[in-house]
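Structure first, commentary second.
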């Protein structure tokens, strides 16, 4: 892709995100989401591969539908209450439609089907944008309207997301699809707590973005897209693979790594809100995700490369590992001891 074009799309992406997260009016928030969608489409389809074109088409159709629902929700609320302010969403039908629209934007169950397919068709760097930056504006709208949304509906969607994200990731061999189902499961954790402590949702999103960025950039550096490719990479970059191993365990939420912090705080808050059964169920469902994270981690570090005649080994390049991966991996594994400092900051 032309560097100037890539620069324009990246600036548009940042502009759309900034407009949505800083707006008070529904029309401005909708405009920011539309700019975001249009800016990321060329980044998905830049390889001109049929799978990439298919992913871009699916992404466009889903996001356009979600934006229409969001606009319809805000117009219905304005019709009944005369308010266009985002925080003044009070009409129950508008709240229901908005929940559906944001769930579609994020890829929450039952609107999750598009996300693994789109992530599979996109390059790893664009996949990172789709899994982190593109989810920030809808989560901000969730945060601003959290007091108006139905907690029971959100809890049901969250538990289903955690269940399906873990269950459907078990049988995958494509790394991007595994990370897509991982994202759906993490969104379940963010959604279950948003009605009770919205700041915890944002903290969870920030930590999830850190860990996912470290994982995607490491995978992009070693050019691994399938589990079979991942098995052959540890001989070339052993230190990077060891750090990827720790980041994957952090994504799984194992103590004493950073990924345990949001799960710990969410379970604590749910118990305070007399929702111990929901906390128990979502904790048990996270064990499904733990299985495929361990499978990825096992492929990353423990297995020997296969010595078959028909396996094409990648060319060994001596590219220095970027300092960004080092910083993100350190943050993804070592933030738990300073959790008393992090939680008040959120």
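Cβ coordinates are placed from backbone N, Cα and C, and glycine is handled just like the others.
The domain 'NADH:quinone oxidoreductase/Mrp antiporter transmembrane' annotation in TrEMBL covers 23-288.
Residues annotated as domain 'NADH dehydrogenase subunit 2 C-terminal' in TrEMBL: 290-343.
Residues or ranges marked as transmembrane segment by TrEMBL: 59-79 (among others).
Note on the transmembrane segment (91-115): residues 33, 58-59, 62-63, 65-67, 69-70, 72-74, 76-77, 80-81, 130, 135, 138-139, 141-142, 145, 148-150, 153-154, 157-158, 160-161, 163-165, 180, 183-184, 187-188, 191 of its chain, located 6 or more positions outside it, place their CB under 8 angstroms from a CB of the stretch. The transmembrane segment annotation in TrEMBL covers 91-115 (among others).
Annotated transmembrane segment per TrEMBL: 152-171 (among others), in sequence order. Sequence-remote contacts of a segment are chain residues at least 6 beyond its ends whose Cβ falls under 8 Å from one of its Cβ atoms, and for the transmembrane segment (152-171) they are 96, 99, 103, 108-110, 112, 116, 177-178, 181-192, 194-195, 275, 278, 281-282, 285-289, 291-292.
Annotation source TrEMBL lists transmembrane segment at 178-196 (among others). A Cβ distance under 8 Å defines the sequence-distant neighbours of the transmembrane segment (178-196), meaning residues of its chain 6+ beyond its ends; these are 106-109, 112, 115-116, 119-120, 127, 131, 135, 139, 142-143, 146-147, 149, 151, 154-155, 157-166, 168-169, 172, 204-205, 208, 212, 215-216, 251, 262-263, 266, 269-270, 273, 275, 278, 282, 285-286, 288-289, 292-293, 296.
The annotation transmembrane segment is assigned in TrEMBL to 202-219 (among others). Sequence-distant contacts of the transmembrane segment (202-219) (same chain, six or more residues past either end, CB-CB distance under 8 Å): 124-125, 127-128, 131-132, 135-136, 139, 143, 175, 179, 183, 186, 189-190, 193, 225, 240, 243-244, 247-248, 250-251, 258-259, 261-262, 265-266, 322, 324-325, 328-329, 331-332, 335, 342-343, 346.
TrEMBL lists 240-261 (among others) with the feature transmembrane segment.
What TrEMBL records for 281-304 (among others) is transmembrane segment. With a cut-off of 8 Å between Cβ atoms, the residues of this chain six or more beyond the transmembrane segment (281-304) that come close are 158-159, 162-163, 165-167, 169-170, 172, 175, 178, 181-182, 185, 188-189, 192, 227, 230-231, 233-234, 241-242, 244-245, 248-249, 251-254, 263, 267, 270.
According to TrEMBL, the feature transmembrane segment maps to 325-343 (among others).
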Chain residues in Cβ proximity to the transmembrane segment (325-343) (below 8 Å; excluding those fewer than six residues from its ends, i.e. six or more beyond): 203, 207, 210-211, 213-214, 217-218, 221, 240, 243-244, 246-247, 250-251, 255-261, 264-265
